[in-house]
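A.B. asks: Here it is, the structure, as structure tokens.
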Amino acid sequence: MRTIAVLTSGGDAPGMNAAIRAVVRTGLEKGLKVMGIQRGYNGLINGEIFEMDTHSVSDIIQRGGTILRTARCEEFRTEQGREKAAKILKAFGIDGLVVIGGDGSFHGAQLLSKLGINTVGLPGTIDNDLAYTDYTIGFDTSINTVLDAINKLRDTSTSHERVSVVEVMGRNCGDIALYTGVAGGAESIIIPEKEYNADKLCKQILQGKLKGKMHNLVLLAEGVGGANELAKYIEEVTGIETRSTILGHIQRGGSPTCMDRILASRMAYKAVELLISGKSSRVVGIKNGKIIDMDIDEALAVERSFDQELYDIATILSK
């Protein structure tokens, strides 16, 4: 192993820069040449590859986003596109590739490994939807961003004695809504993993009003969607002024938290070690506080287990 490369793919996540920094500096310390690939698999196919040194990653650990940029790539979805990508990697003398991204990015790394490319994946996604790992890079920053937003919404919601319906990211995984719902004291948490009844929700809101609640905070994962429509329905049924807020892409930005910076650094260090030791087609994660690695096929096949205990806690504390 003499030359490795790193790319970021899919949706950006805070902490990606910390991971890039750790890959580059660990690789250089181990005597490797390190290349950066811009704009994910799209940049790989177009040969947007450059050599990186320790100064390339100076002053980035505190920055959100990714200095390597990220992009979707339809061509890479084709067999011809992947073969082209593999040839370009070999032409640049790249022996190992670190891919930072979500499940789609991992599927790409998985397919490249079948073409003889040594790959290691790092979980970079705010959704926390990769089941093999307890946490993904970017999740902690995202939930802190959401928590800050709902704290502010609670202030104005209380002043006006209204209901706030807040839609957060999470298509198939409701972790952002669940974690921030518990931490932010939400009265209701609506997530893809659990069915909900709008009429029952309205009844709960009215019961809360009778108990003297000054406001109601409803957190809604985008996988369920319909924040605007739900807000209108709540107001029609309860007669209580209701407003909807869709937080959107603000959840992906911002300076990464201490936890995300450390997690990204630990995972990236492990990724370089794996490549040096000759291991390929692996992904890095964290379980019970320990950095782990596993086969990428096995990791993608792991079924996600829902945190029922945390959901039960949220339900009890919201009353």
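One-based numbering along the chain as shown.
Any Cβ shown, glycine's included, is placed from N, Cα and C.
Copying in the features that Swiss-Prot gives for the protein in this structure:
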type	residues	note
ACT_SITE	Asp127	active site, proton acceptor
BINDING	Gly11, Arg72, Cys73, Gly102, Asp103, Gly104, Ser105	ATP binding site
BINDING	Arg21, Ala22, Val23, Val24, Arg25, Arg154, Gly185, Ala186, Glu187, Lys211, Lys213, Met214, His215	ADP binding site
BINDING	Asp103	Mg(2+) binding site
BINDING	Thr125, Ile126, Asp127, Arg162, Met169, Gly170, Arg171, Glu222, Arg243, His249, Ile250, Gln251, Arg252	substrate binding site
A.B. asks: Quick one: of Arg25, Met169, Arg171, His215, Ile250, which binding-site residues lie within 10 angstroms of Asp127 (active site, proton acceptor), measuring between C-alpha atoms? Sequence order, please.
C.D. replies: Met169, Arg171
A.B. asks: When you put Gly102 (ATP binding site) at the centre and draw a 10 Å sphere around its Cα, which of the binding-site residues Arg21, Thr125, Gly185, Arg243, Ile250 have their Cα inside it?
C.D. replies: Thr125
A.B. asks: Report the residues of the chain - excluding Gly11, Arg72, Cys73, Gly102, Asp103, Gly104, Ser105 - with C-beta within 8 Å of the mean position of the site's C-beta atoms, for the recorded ATP site, in sequence order.
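C.D. replies: Other same-chain residues near the ATP site: Ser9, Gly10, Gly40, Gly101, Gly108.
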A.B. asks: If you measure every Cα to Cα distance among Gly11, Arg72, Cys73, Gly102, Asp103, Gly104, Ser105, the residues said to bind ATP, what is the biggest one in Å?
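C.D. replies: Spelled out: the longest distance between any two Cα atoms in Gly11, Arg72, Cys73, Gly102, Asp103, Gly104, Ser105 is 15 Å.
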A.B. asks: Could you tell me which of these binding-site residues, Arg21, Arg25, has the fewest other Cβ atoms within 10 Å of its Cβ?
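C.D. replies: Sparsest of the binding-site residues Arg21, Arg25 by Cβ contacts within 10 Å: Arg25.
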A.B. asks: Restricting to the chain of Gly104 (ATP binding site) and a gap of 6 or more, list residues whose Cβ falls under 8 Å of its Cβ, or answer none.
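C.D. replies: Correct list: Ser9, Gly10.
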A.B. asks: Using C-alpha positions only, work out which of the binding-site residues Gly11, Ser105, Thr125, Arg252 is nearest to Glu187 (ADP binding site).
C.D. replies: Arg252
A.B. asks: Cα of Arg72 (ATP binding site) to Cα of Thr125 (substrate binding site): how many Å, rounded?
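C.D. replies: Distance (Cα to Cα, whole Å): 15 Å.
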A.B. asks: Need the DSSP three-state call for Arg243 (substrate binding site) to compare against my parser.
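C.D. replies: Strand, per DSSP.
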A.B. asks: With Val23 (ADP binding site) as the reference Cα, tell me which of the binding-site residues Thr125, Met169, Arg243 is the closest one.
C.D. replies: Thr125
A.B. asks: Would you mind checking how many other C-beta atoms are within 10 angstroms of the C-beta on Asp103 (ATP binding site)?
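C.D. replies: Summing over all protein chains shown, Asp103 (ATP binding site) has 18 other Cβ atoms within 10 Å.
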A.B. asks: Restricting to the same chain and to sequence separations of six or more, state which residues have a Cβ under 8 Å from that of Ser105 (ATP binding site).
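C.D. replies: In sequence order, Ser9, Gly10, Gly40, Tyr41, Val99, Gly121, Gly124 meet the Cβ cut-off.
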